[in-house]
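All remarks here apply to the structure that follows.
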Amino acid sequence: MQESNNWHSLEVDEVLRAVESSQDGLSSTEVEARLKKYGPNKLQEEKKKSAVVRFLMQFNNLLIYVLLSAAVVTAVLDHMIDTVVILGVVLINAIIGFIQENRAQNAMDAIKKMLAFHAIVMRDNSKQKVQSESLVIGDIVFMKPGDRVLADIRLLETHAFSVQEAPLTGESVAVEKSVKKVMPEATLGDRSSMAFAGTTIAGGEAKGVVVATADRTELGRISGMLSSVETLTTPLVEQMDRFAKYLTFFILSFSLLIFLVGYFVKGLDFTEAFMAVIGLFVAAIPEGLPAVLTITLAVGVQAMAKRNAIVRQLPAIETIGSVSVICSDKTGTLTQNEMMVSSVVTNDRNYRVSGAGYEPIGDLYFKDEKVDIDRDERVKFLAKTSLLCSDAILREEDNSWTIEGSPTEGALVTFAHKAGFYANETREVFKRDDKIPFDSKHKYMATLNHSHEGESIIVVKGAAEIIIKMSEFEYVDAENEKEIQSAYWEEMAKELASCGERVLALAYKKVSHDKATLDFDDLKEGLVLIALVGLIDPPRPEAIEAIKECYSAHIDVKMITGDHLLTATAIGKTIGLRNCENVLSGADIEKLSDEELERVVLNTDIFARTTPEHKLRLVKALQAHSKIVAMTGDGVNDAPALKRANVGIAMGKSGTEAAKESSEFVLTDDNFASIVNAVREGRRVYDNIKKVISWTLPTNASEASVIIVAIFFGMVMPITPIQILWANMITAVTLGIALAFEDEDKNIMKRSPRAIDEPILNRELIWHIVYVTTLFLIAVFGAFYYAMQSGASVEYARTLALNVLVFLEIFHLFYIRNLNIIELKLSDVLANRVVWSAVSVIFFAQIAITYIPFLQGVFLTASLTLFDFSMIFLCGVVVFALLELEKQFRLRVARKREIA
Ligand code: ATP
């Protein structure tokens, strides 16, 4: 195979010869051989660090440095036990960091895999969808608007083809492309006979041959290495991360102050003061918080992916939970997108067509009587022209019929097969010379075909009312046509649409045999309307349920469709949209000013015959009411609306790369129900983030306060610093992380969406920290002094106080799990498996530290009685009740205020 840098300056035939390929593409064996020889079509990626290196990197952090210094100081002071405990804290901290990083990495890798690019190629004489990585030099590739170009491609055939080359040339305006060769010295931006990897197709269609892959593409040459280090984070987590850093500095200074007060003012000895300060330092800093929050996100990302929603931009995982309006496409999202022709209307007859799905078996009925299609010239002509003006391919595999291409066209191809026209033969006899591709803006498609017998025709198919308007005549039979009776056709189109059918019209025109190209001017006169076809597309049953769920979660649903008003209304009613009376069409929207649109947008749930441009105006109008808008889209023109929406959601199956790149989410199943699942998951993630923070901060504050209060008031420490280190260490790895796996609240889809700008560290949380810290301090000091008063040893009293602290943290966790629930049942309080496992670990750890002689020696603890543990449990129950009482009061007042 020849190599060249000048593919743009060679003729098409020369290029094909050089890359040893043909217009019909390669065979799969040849592809395999080339893959082996040249490698996959993938840019070189940065090498991943080994697990050991990643683990060691966890030690590169300020907190760890301080702790390591403390370990050195305690070792020098010959307090080896303290040294070991501090090193234990360091190790545990590194382990949490490591787990977090792995989780995050796995989540990101899975996303990347699911978002892999695909190309349509010609192999083994048939069109196939293949992964980008399997493209080889010589592959024949088909490109349509919104696709990403995946290799360097010499164009072989173009139809109004233009490409957005900004990533390569910096030029933001799309450039026109053609097959004509250009000068060898042309710069990248002027090589109009080429499509380069990394660019996006802006309009039209093309066929081309791959001439360079992977690092040998122009993109590969400039970028050299694709660095793809993405971190799993959101604004909220970043905010907490920053908060934790500031807090560390603050606590470091504060600890120094406490040390000075303890040593100089209160007269503690150096070691005692130093250890108290280290204990305070570790206790006060929420060191595990950023890591646990990232784990919460990773769990959320993975759960969403499992439910068919891939997060492309992580901040959106926070936003999606607060969505208050979902704007959804109809076809394929709310409906199944499995179309079938069910009606045909000619100039004097109204037929029904039977069948199921894409299986080409079915009959034609007129007034309930079966019709012999073979003897019905009009229906036969309709079937033939439908086939010529469609690109979809019908396939049978294991007795099941599927289509490749648009379902609308798939339905027409199936219909043609039912009428005895087979795609390959018919398309062979009537070769296509040129076409005007379908665009949702003009809503039709046209082709120019000629037969061997010298017959040349233009066929147009598209939205009924548009084709009716474009036509001058109507088809009577092969020889006759008459002036079009528009009123009749419009009436019939309305009738079909009111039953929820998508109505297309087909028209044709004979042209001279030497006509080789087709443009819009050719459709201006002389078109003959052949017939109307009505396509059914059943709603998705799960979408009906999902819409109900949205309403209960105070989320509005708007259907935005390119389809006809009546079709949209009928479908809207079937799927249970709240307001199907006021429908706005694209034409209506155009007549309204932005202010007028804002006034009507809230009371309209159906927008029909819209173009992607209208979507942008609708998003803006909704946002003017402070709505948080989720918007779906698939086409290249949907990109601006997807970008503008608070959450852009692209269709994974039918969506273009351009739409995906402008979106925060990609749905792998194009299903409306998956959006609602993502909202639910988004709410869960946010709840869990809030729960993790609401549990961690008061826990740290209470542990630190025990030391601060003791030093400031010159009291005997009720828990020694080393015991605090222990408590902090075991609860942070267990209880903190358990909350990341919390199930959703039972009322999660019954609550109103959260205000997007609600700060997490709000007054409520600060109050919660103060309240919990006060309760904990009373309990810990109370237990300590109670034991001391009853004549117990200080070790015994401290063991009691330590256990009170740790068990209260468990009870606090059980309280946090139902942070948002007013009507609490016992079953809600009893936790999930992860929480119970965490609780069991802590329980046994506490038993160990209380009773095992070796640990008693290390931590200076003493064995407690069963009675003590019953009292600790009781204390936990009382604190839980006090927390719950406060919450009940607070939530009920808030609810009353909301209702008022
Ligand atoms: P929705 O917006 O509900 O998802 P859609 O995306 O299928 O629907 P468009 O693709 O904008 O809507 O299609 C608008 C209209 O164009 C359809 O109602 C139909 O009449 C016509 N149409 C759709 N596909 C084709 C096609 N392949 N060829 C010709 N006309 C088509």
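Cβ coordinates come from backbone N, Cα and C, glycine included.
Annotation source TrEMBL lists domain 'Cation-transporting P-type ATPase N-terminal' at 6-79. Mean predicted confidence for the domain 'Cation-transporting P-type ATPase N-terminal' (6-79): the pLDDT average there is 85.
The transmembrane segment annotation in TrEMBL covers 51-73 (among others).
Feature annotation from TrEMBL assigns transmembrane segment to 79-99 (among others).
Taken from TrEMBL, the feature transmembrane segment applies to 246-265 (among others).
Sequence-distant contacts of the transmembrane segment (277-299) (same chain, at least 6 residues past either end, Cβ-Cβ under 8 Å): 63, 66-67, 70, 74, 82, 86, 89, 93, 96-97, 99-101, 103-104, 106-107, 232-234, 236-237, 240-241, 244, 247-248, 251-252, 254-256, 258-259, 262, 314, 317, 685, 688-689, 692-693, 696-697, 700-701, 703-704, 706-708, 720-722, 724-725, 727-728, 732-733, 736-737, 739-741. According to TrEMBL, the transmembrane segment annotation covers 277-299 (among others).
Distant neighbours of the transmembrane segment (692-716): 240, 251, 258, 261-262, 266, 268, 276, 279-280, 283-286, 288-289, 292-293, 296, 724, 727-728, 731-732, 735-736, 739-740, 760-761, 765, 768-769, 772-773, 776-777, 780-781, 794, 805, 808-809, 812-813, 816, 819; these residues of the same chain sit at least 6 beyond its ends, with a Cβ under 8 Å from one of its Cβ atoms. The transmembrane segment feature in TrEMBL is assigned to 692-716 (among others).
Annotated transmembrane segment per TrEMBL: 722-741 (among others), in sequence order.
The transmembrane segment feature in TrEMBL is assigned to 765-788 (among others). Through the fold, the transmembrane segment (765-788) approaches residues 693-694, 697-698, 701-702, 705-706, 709, 715, 718-719, 794, 796-798, 800-801, 804-805, 808, 812, 871-872, 875, 879, 882-883, 886 of its own chain, all at least 6 residues removed from its boundaries and within a Cβ separation under 8 Å.
Per TrEMBL, the feature transmembrane segment maps to 800-818 (among others).
For 830-852 (among others), the entry in TrEMBL reads transmembrane segment.
Annotation comment: TrEMBL describes 858-883 (among others) as transmembrane segment. Proximity of distant same-chain residues to the transmembrane segment (858-883), defined by a Cβ-Cβ separation under 8 Å and at least 6 residues beyond the stretch ends, is recorded for 81, 84-85, 720, 722-723, 726, 771-772, 775-776, 779, 783, 793, 795-796, 798-800, 802-804, 807-808, 810-812, 814-815, 849-851.
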Residue counts (helix, strand, coil, in that order) that DSSP gives for the domain 'Cation-transporting P-type ATPase N-terminal' (6-79): 43 helix, 2 strand, 29 coil
The transmembrane segment (830-852) versus listed stretches 79-99, 246-265, 722-741, 800-818: most Cβ pairs under 8 Å: 722-741
Selected stretch (most C-beta pairs under 8 A with the transmembrane segment (246-265)) from 51-73, 79-99, 722-741, 800-818: 51-73
Long-range neighbours of the transmembrane segment (800-818), counting only residues six or more past its ends (CB under 8 A): 691, 694-695, 698-699, 702-703, 706, 718-719, 723, 726-727, 730-731, 735, 738-739, 742, 745, 772, 775-776, 779-781, 783-784, 786-787, 792, 824, 828-829, 831, 835, 839, 842, 846, 849-850, 861, 864, 868-869, 872-873, 875-877, 879-880, 883-884, 887
Same-chain residues near the transmembrane segment (79-99), Cβ under 8 Å, at least 6 residues beyond its ends: 54-55, 58-59, 61, 63-64, 67-68, 70-71, 271, 275, 278, 282, 287-288, 291-292, 295, 722, 725-726, 728-729, 732-733, 737, 858
Intrachain neighbours beyond the transmembrane segment (51-73), with Cβ under 8 angstroms and 6 or more residues off its ends: 83, 86-87, 89-90, 93-95, 97-98, 101-102, 245, 248, 252, 274, 278, 281-282, 285, 287
